[in-house]
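Trainee: Before we start, here is the structure in question, set down as structure tokens.
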Amino acid sequence: MGLIVSIFNIGCAIGGIVLSKVGDIYGRRIGLITVTAIYVVGILIQITSINKWYQYFIGRIISGIGVGGIAVLSPMLISEVAPKHIRGTLVQLYQLMGTMGIFLGYCTNYGTKNYHNATQWRVGLGLCFAWATFMVSGMMFVPESPRYLIEVGKDEEAKHSLSKSNKVSVDDPALLAEYDTIKAGIEIEKLAGNASWSELLSTKTKVFQRVLMGVIIQSLQQLTGDNYFFYYGTTIFKSVGLKDSFQTSIIIGVVNFFSSFIAVYTIERFGRRTCLLWGAASMLCCFAVFASVGVTKLWPQGSSHQDITSQGAGNCMIVFTMFFIFSFATTWAGGCFVIVSETFPLRAKSRGMAIATAANWMWGFLISFFTPFITGAINFYYGYVFLGCLVFAYFYVFFFVPETKGLTLEEVNTMWLEGVPAWKSASWVPPERRTADYDADAIDHDNRPIYKRFFSS
């Protein structure tokens with residue numbers, strides 16, 4: 001059963017890598033429609049399976065392939081269409097819709113819990129056809145990426161796309177300036193030709209550094225331990241008398257969903273780096289309390305007597321579970337997708353995002369598959385593993401993840417090429433906006449000891 005559930009993540013990893021190029025060839029919108037169709041095929045295979053576990057298994061993989069493509073192409077399209085001042089907010093909405101889907105899934109499971117036949121799981125799968133229909137219908141109204149249109153020589157369509165996104169006329173001076181900036185950046189990239197998979201290892205153009213950062217950030221999103229809570233939360237709730245796992249799921253889903261609304265504001269108000277740093281710090285504190293109370297207080301007579309629990313300890317752990325989910329949903333849940341969608345140059349974007357997102361799915365598979373075995377062996381000591389990962393996440397973000405708030409995608413690329421230290425990136429100014437008192441050398445280089453960089457930034 002664990003493999004059937006977690007194999008979905010493997011399909012997602014495959015789909016992101018294999019299907020990401022569809023968006024480069026046929027456009028982001030057609031790409032999204034295509035991968036959604038693949039997702040529907042997977043759902044259809046699952047819902048028609050009767051006493052054939054292998055058919056359901058295959059359907060899970062195929063639907064995962066479709067979702068993997070969506071996870072790459074959707075943030076990609078949003079980041080390329082959105083105006084820079086709300087780009088983070090709009091990419092964050094991708095995560096918000098994901099949490100809404102999780103919440104609705106929990107509600108559906110609760111509504112069908114009294115069925116004891118195939119109806120219980122087929123209703124939830126059947127609703128997936130509705131979400132796919134909404135997705136395809138929505139693509140009819142979304143403008144195509146102006147960067148893709150310029151790349152394939154459809155300049156006038158690109159201007160109309162920018163016009164629609166910014167709600168200004170095609171002749172607006174600001175729009176034309178943005179168009180010229182995008183076109184100039186694409187022309188420079190065209191001189192180097194299309195990026196190959198091997199070029200993702202290039203350090204000269206800083207592509208490898210960006211791929212590495214994307215992989216680590218997406219991996220750390222899973223290693224924050226959020227899925228640990230979604231899996232193990234029912235055990236804690238049982239300790240205080242709430243034994244219905246369906247109700248437990250809804251409570252967690254409500255906190256997760258409504259916390260994501262706050263992230264829509266914070267990601268643009270405070271910036272990507274700040275959100276990730278504060279998120280890692282707050283989740284670290286939550287795990288320290290959660291794991292320590294679980295190890296020392298939840299079972300007064302030891303883990304061998306799990307039927308005897310401390311309600312006070314259970315209540316404390318539930319409170320910090322909710323704090324953790326709030327901290328995760330408002331920072332790392334969508335923040336890593338925002339940063340990855342803004343980081344890569346256009347010519348390497350689909351491949352770079354695919355690799356980074358695949359890392360997320362692979363860690364999702366490993367955690368969902370092995371968590372039952374690990375928690376069965378070491379119980380709440382498992383929390384200290386994630387605590388250690390969060391310590392690493394905090395320092396990694398501080399030293400290696402630059403701020404991209406308020407910059408165009410072309411300006412983000414310039415910042416990477418200049419080699420601006422991550423802890424100084426919030427002060428970096430694009431060349432065309434620099435004044436006489438701007439000290440580029442002071443921003444681009446920092447010879448201070450590491451501890452001084454950390455405490456003075």
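The chain as shown is numbered from 1 upward.
Each residue, glycine too, has its Cβ placed from N, Cα and C.
According to Swiss-Prot, the protein carries these features:
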TRANSMEM  3-23  transmembrane segment
TOPO_DOM  24-29  topological domain 'Extracellular'
TRANSMEM  30-50  transmembrane segment
TOPO_DOM  51-60  topological domain 'Cytoplasmic'
TRANSMEM  61-81  transmembrane segment
TOPO_DOM  82-87  topological domain 'Extracellular'
TRANSMEM  88-108  transmembrane segment
TOPO_DOM  109-122  topological domain 'Cytoplasmic'
TRANSMEM  123-143  transmembrane segment
TOPO_DOM  144-247  topological domain 'Extracellular'
CARBOHYD  N194  N-linked glycosylation site
TRANSMEM  248-268  transmembrane segment
TOPO_DOM  269-274  topological domain 'Cytoplasmic'
TRANSMEM  275-295  transmembrane segment
TOPO_DOM  296-319  topological domain 'Extracellular'
TRANSMEM  320-340  transmembrane segment
TOPO_DOM  341-353  topological domain 'Cytoplasmic'
TRANSMEM  354-374  transmembrane segment
TOPO_DOM  375-379  topological domain 'Extracellular'
TRANSMEM  380-400  transmembrane segment
TOPO_DOM  401-457  topological domain 'Cytoplasmic'
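Would you situate these features in the structure and describe their surroundings?
Mentor: On the 0 to 100 pLDDT scale, the topological domain 'Extracellular' (24-29) averages 92 in this prediction.
Nonlocal intrachain contacts for the transmembrane segment (30-50), taken as residues 6+ away from its ends with a CB within less than 8 angstroms of a stretch CB, comprise 11, 15, 19, 22-23, 56, 58-70, 73-74, 77, 118, 122, 125-126, 128-129, 132, 135-136, 139.
Break the topological domain 'Cytoplasmic' (51-60) down by DSSP state and the numbers are 8 helix, 0 strand, 2 coil.
Sequence-distant contacts of the transmembrane segment (88-108) (same chain, six or more residues past either end, CB-CB distance under 8 Å): 74-75, 78-79, 82, 123-124, 127, 131, 246, 249-250, 252-254, 256-257, 260-261, 263-265, 267-268, 272, 329, 333-335, 337-338, 341-342, 405.
For the topological domain 'Cytoplasmic' (109-122), the DSSP counts in helix, strand and coil order read 7 helix, 0 strand, 7 coil.
Here the transmembrane segment (123-143) has Cβ contacts under 8 Å with residues 29, 32-33, 36-37, 39-40, 43, 46-47, 63, 70, 77, 81, 101, 104-105, 108-109, 111-112, 115, 160-161, 164-165 of the same chain, all six or more residues outside its ends.
Here the transmembrane segment (320-340) has long-range neighbours at 75, 79, 87-88, 91-92, 94-96, 99, 214, 217-218, 220-221, 224-226, 229, 233, 236, 252, 255-257, 259-260, 262-263, 266-267, 272, 275-276, 278-280, 282-283, 286-287, 289-290, 293, 352-353, 356-357, 360, 401, 404, meaning same-chain residues at least 6 beyond its ends whose C-beta is under 8 angstroms from one of its own.
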Trainee: Which residue counts does DSSP yield for the topological domain 'Extracellular' (82-87) in the helix, strand and coil classes, in that order?
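Mentor: Residue counts for the topological domain 'Extracellular' (82-87) by secondary structure: 4 helix, 0 strand, 2 coil.
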Trainee: Using Cβ atoms only, state whether the transmembrane segment (354-374) and the transmembrane segment (3-23) have three or more pairs under 8 Å that are 6 or more apart in sequence.
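Mentor: The transmembrane segment (3-23) and the transmembrane segment (354-374): touching, yes.
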Trainee: At a threshold of under 8 Å on Cβ distances, which of 3-23, 248-268, 275-295 pairs most often with the transmembrane segment (61-81)?
Mentor: 3-23
